[in-house]
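Undergrad: Quick one: structure below, then a few questions.
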Amino acid sequence: MQQKYVIALDQGTTSSRTIIFDHDANVVAISQREFSQIYPKVGWVEHDPMEIWASQSSTLIEALARAGIHSDEVASIGITNQRETTVLWDKATGKPIYNAIVWQCRRSQPLCESLRAEGYEDYIRQNTGLVLDPYFSATKIRWILDNVEGAREKAEAGELLFGTIDTWLVWKLTEGKVHVTDPTNASRTMLYNIHQQAWDPVLLEALEIPASILPEVKPSCAVYGKTRIAGEGGEIPVAGMAGDQQSALFGQLCIDEGMAKNTYGTGCFLLMNTGLQAVQSNHGLLTTIAVGPKGEVNYALEGSVFMGGATIQWLRDELGLIRDAQDTEYFALKVSDNNGVYLVPAFVGLGAPYWDASARGALVGLSRGANRNHIIRAALEAIAYQSRDLLDAMTKDSGVQLKQLKVDGGAVANDFLMQFQADITDVEVQRPKVTETTAMGAAFLAGLAVGFWQSTAELKHKAGVERCFKPAIADDEREALYLGWKRAVAQVTSESVA
C-alpha cells in the first residue's frame with residue numbers, strides 16, 4: 001500500500017492532539033482530547049502520565065478513523081511536546097512512580113535557591129544556556145528522588161528511567177524498547193551541556209541525579225523505533241521529534257541563521273535561529289538548541305512574553321470590555337491612534353529583557369478623551385511592543401538585523417495586531433497558510449527522516465505564506481510610539497528612560 005501520509009503527535013499542556021498531513025503538507029484530519037490538570041498545593045502543577053498516554057493514543061486512533069486512513073498508508077510518526085515536564089517511571093513495569101511534574105510547577109524553588117547559594121548559577125547559564133529556575137526539569141527530578149519513597153534507591157540501582165514527555169511517548173509507542181530524547185528537549189532539562197552536546201556530569205553530581213536514568217540523545221530527525229497503532233497493522237517508524245517551540249521554528253522553516261518566528265498564544269514565544277553559534281545573551285534571553293536544515297543541531301535565542309493572549313482574556317473576563325477576542329480588531333480600528341494610552345500588562349511581573357518580578361500592570365497616559373476603544377487598542381499594541389523588546393534584545397545579542405518575522409498561534413488571525421507588529425518592529429511579518437506550525441514541524445522531521453520528503457528545499461514549496469504585512473509608518477512615528485511604551489514600562493519598573 002502506498003504511503004501517502006505522515007502523522008504528528010502534538011502533546012500539549014492541556015490537551016493531546018494528532019494531526020495527519022498529506023504529501024503536500026495539507027491537514028487531512030485532526031483529533032484532540034483534553035486531560036486533567038492536577039493542583040495538589042498552591043504553585044504545584046501535575047499531570048497523570050498514564051492519562052497523557054491514553055489521551056494521545058486515543059487521538060491517534062480517532063484521527064486515522066476520521067480520515068479513513070489505514071495505518072499501512074502512514075510513512076512515519078513524529079512527536080512534538082510540552083517541554084520540561086518531568087516523568088520518572090519503573091523500568092521493569094513501565095509504571096510512573098509519581099505524577100508528571102509540569103513545567104509551570106514552582107515546588108522546586110528551594111532547590112534552586114540552594115544551587116544558587118552553592119555558586120552554580122553562572123555555570124548553569126554558561127553550559128546549559130538556561131537560567132536557574134524551577135521551570136526546567138533538573139530540580140523536578142531531584143524533588144521526586146528526594147520525596148517519593150524508595151525512588152532514590154531504585155534510581156541508584158538502575159531501576160528507574162527519566163524522560164520529558166517526548167521520551168515517555170516514544171517509550172510507550174515502542175512498548176518499552178526505546179528510551180531516547182532529542183537535543184531540543186534535552187536542552188530544556190538544565191542537565192544538558194549545549195556546547196558539548198552531552199549530559200553534564202558536574203550538574204548531575206550537584207543535583208545527585210544518577211546518569212543511568214537519563215535517555216540517550218538522538219538527532220531530532222532520525223528513526224527511533226517502530227510502533228503498531230492499537231497493536232494492529234504494519235510497523236510504522238517513530239521518527240522525528242522536537243520540543244514545541246523548536247518544532248514551530250522548524251515548521252516555519254526558520255532553518256538558517258537570522259530567521260525567527262513568534263508564537264502568539266497565552267504568552268508569546270520568540271525564537272531566532274543563530275546557526276552553528278551558541279549566542280550568550282546579555283539581555284536575559286535563553287540560549288537553546290534548534291534544528292538545522294538537515295536535522296542537525298543549530299542554536300537559537302529564545303525570549304518569552306508572559307502576557308500575550310492572556311491580556312485579551314483580561315479585557316474580556318475581568319473588565320468586560322469585549323465579548324470575544326475577535327472583537328478587539330473591530331474596536332481598535334474605530335480610533336485612528338492610541339491617544340497616548342499605553343497598557344503595560346505586568347500582571348505577573350515582566351519577563352525578558354526586564355526580568356522584574358515585582359512589576360505590576362498599569363494603564364498609562366489616560367486623558368479625558370480616552371475611551372474603551374483606546375484601551376482595547378493599547379492591549380493589542382502591548383503584545384507587539386513586548387515582542388519588539390525581545391527582537392531588539394536578540395539583535396543586540398546576535399548582531400543580526402531581522403528582515404522577516406514568521407508568526408503563528410491564535411492571535412495571528414488579528415490583522416490589526418499583525419500590521420502593528422510590522423509597523424513597530426520595521427520588519428515584514430509573514431503569516432503562514434497552515435497555522436498548525438508546531439505539528440507541521442514534527443511532521444516535517446518525521447517525513448524527512450524516512451525519505452517521505454527529500455529535503456527542506458522541497459518543503460519550502462509546501463509551507464506557503466498566506467499574507468505578508470509590511471511596515472507602513474514613518475521611522476519618526478515608529479520611534480515616538482516606542483518611546484511612549486518605554487516610558488510607560490519605566491513607570492512600573494526600576495528602569496529609567498530618557
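From the backbone N, Cα and C atoms, a Cβ is placed for every residue, glycine too.
Not my notes, these are from Swiss-Prot:
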BINDING   Thr13, Thr14, Ser15, Thr266, Gly309, Gln313, Gly410  ATP binding site
BINDING   Thr13, Arg83, Glu84, Tyr135, Asp244  sn-glycerol 3-phosphate binding site
BINDING   Thr13, Arg17, Thr266, Gly309, Gly410, Asn414  ADP binding site
BINDING   Arg83, Glu84, Tyr135, Asp244, Gln245  glycerol binding site
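Map these features onto the structure and tell me what's around them.
TA: Of all Cβ atoms in the protein chains displayed, 17 besides its own lie within 10 Å of the Cβ of Thr266 (ATP binding site). DSSP classifies Thr266 (ATP binding site) as coil under the three-state reduction.
With a 10 A radius on its CB, Tyr135 (sn-glycerol 3-phosphate binding site) counts 20 other CB atoms from all the protein chains. Tyr135 (sn-glycerol 3-phosphate binding site) falls outside any helix or strand according to DSSP and counts as coil.
In the three-state DSSP reading, Arg17 (ADP binding site) counts as strand. Long-range C-beta contacts of Arg17 (ADP binding site), restricted to its own chain and to partners at least six residues apart, with a cutoff below 8 Å, comprise Leu9, Asp10, Gln11, Ile30, Ser31, Gln32, Arg33, Thr59, Ala439.
Reduced to three states, the DSSP call for Arg83 (sn-glycerol 3-phosphate binding site) is coil.
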Undergrad: Within 8 Å of the Cβ centroid of the sn-glycerol 3-phosphate site residues Thr13, Arg83, Glu84, Tyr135, Asp244, which other residues of the same chain have their Cβ?
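TA: Counting only non-site residues, the set is Gln82, Thr85, Trp103, Arg188, Gly243.
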Undergrad: Tell me the Cα distance separating Thr266 (ATP binding site) from Glu84 (sn-glycerol 3-phosphate binding site), rounded to the nearest angstrom.
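TA: Here the two Cα atoms are 18 Å apart.
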